[in-house]
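**Q** In case it helps, TrEMBL gives these features for our protein:
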- LYS83: active site, for sulfotransferase activity (ACT_SITE)
- LYS83, GLY84, GLY85, THR86, ARG87, ARG164, SER172, LYS289, GLY290, ARG291, THR292, HIS293: 3'-phosphoadenylyl sulfate binding site (BINDING)
- CYS272-CYS284: disulfide bond (DISULFID)
- 74-309: domain 'Sulfotransferase' (DOMAIN)
- 1-71: region 'Disordered' (REGION)
Amino acid sequence: APPPASNGSREGAAGTWLRARLAPGEVITAQSGAFERDPQESSTTDEELSRAGSPGSRGGGSSTTPDYGEKRLPQALIIGVKKGGTRALLEAIRAHPDVRAVGTEPHFFDRNYEKGLEWYRNVMPKTLEGQITMEKTPSYFVTNEAPRRIHSMAKDTKLIVVVRNPVTRAISDYTQTLSKKPEIPTFEVLAFKNRTLGLIDASWSAIRIGIYALHLENWLQYFPLSQILFVSGERLITDPAGEMAKVQDFLGLKRIVTEKHFYFNKTKGFPCLKKPEDSSAPRCLGKSKGRTHPKIDPDVIHRLRKFYKPFNVMFYQMTGQDFQWEQEESDK
């Protein structure tokens, strides 16, 4: 069994063990250099951010909330993971009257940090006393500098991470890139350094993001587990109200977002959001969500499951939660 995670040093036992599991050519260090920016990652343009931060802007929050109050730095952040279900979570929590969240991704702690905290504050929506200010940028979870920077802003910041089976997450990530760049190589080609030897290419961002235990260790240097909530991307689809109950409890909010806020869309395959008093059609996520995944060679899926399994086990041990990804796969 892997050793327990250590918070006492910059490089805990978990990181040492995790790196030992990787082939020599696949070594990743949690401390060495920033993860490269994935050009296909959903991002926010400067123009969108300047609009969000303009004096007349509501900062991307609910249109029914009056535009008064003051702009505050966020007390809670959705920090990851890409293609895990962060947009669905953000839209659901924004239905709560005591939450105001910016709709665009500020990317402050990874791409715009040099612009300073006043710039960041100005991007946020106005809130009243007692309301929580939030934002979501999924790339924070895999950005080495993000934990230290967030901690220096406010060490009591609450962090939410939406995680999903890393194999399906990787395929979803690839599917998003493929929709924008149809000329890229196949998933099978990109996933391996050497297909014959079965060497997974852990430097490819689609694979690397799913090594959750490695990234989490970086966060545990700065934040206790009690300040991090892990949301199941799978349960966000099968039981959105149940997951949202946990989120609201974690944020210290009254449970207002409940079953009556959701409607399951059979076409898209996941829930859509509706306001309980609203008779209009449910609001579903955009066409970029719920894309059909390309068919992947079963042998590649099998090799990826084997690759991720020890990292998943370590992640379960570090978080004290079993996301049952292996059981989910054996049921297929």
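Quick reminder: no glycine exception, Cβ is built from N, Cα and C everywhere.
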**Q** For the binding-site residues SER172, THR292, which Cβ has the most other Cβ atoms within 10 Å, all shown protein chains included?
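**A** That would be SER172, with the highest Cβ count within 10 Å.
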**Q** Rounded to a whole angstrom, what is the C-alpha distance between CYS272 (disulfide bond) and LYS83 (active site, for sulfotransferase activity)?
**A** 17
**Q** What is the Cβ neighbour count of the residue listed as 'active site, for sulfotransferase activity' at a 10 Å cut-off, with all protein chains included?
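**A** So the number of other Cβ atoms within 10 Å of the residue listed as 'active site, for sulfotransferase activity' is 26.
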**Q** Out of the recorded positions listed (SER172, CYS284, THR292), which are within 10 Å of LYS83 (active site, for sulfotransferase activity), Cα to Cα?
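**A** Hits: SER172.
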**Q** Please give me the CB contact count at 10 A for GLY85 (3'-phosphoadenylyl sulfate binding site), counting all chains in the structure.
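**A** Within a 10 Å radius of the Cβ of GLY85 (3'-phosphoadenylyl sulfate binding site) lie 28 other Cβ atoms.
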**Q** Considering every residue in the domain 'Sulfotransferase' (74-309), what is the mean pLDDT value?
**A** 92
**Q** Can you grab the distance from SER172 (3'-phosphoadenylyl sulfate binding site) over to CYS284 (disulfide bond)? Cα atoms, rounded to a whole Å.
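**A** A Cα-Cα distance of 18 Å.
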**Q** If you measure THR292 (3'-phosphoadenylyl sulfate binding site) to CYS284 (disulfide bond) at Cα, how many Å is it?
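**A** Rounded to the nearest whole number, the Cα-Cα distance is 16 Å.
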**Q** Return the count of C-beta atoms lying within 10 angstroms of the C-beta of CYS272 (disulfide bond), excluding that atom itself.
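**A** Here the count is 19.
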**Q** May I ask for the distance between GLY85 (3'-phosphoadenylyl sulfate binding site) and CYS284 (disulfide bond), taken between their Cα atoms and rounded to an integer number of Å?
**A** 13
**Q** Pop the Cα-Cα gap between ARG87 (3'-phosphoadenylyl sulfate binding site) and CYS284 (disulfide bond) into the table, whole Å please.
**A** 11
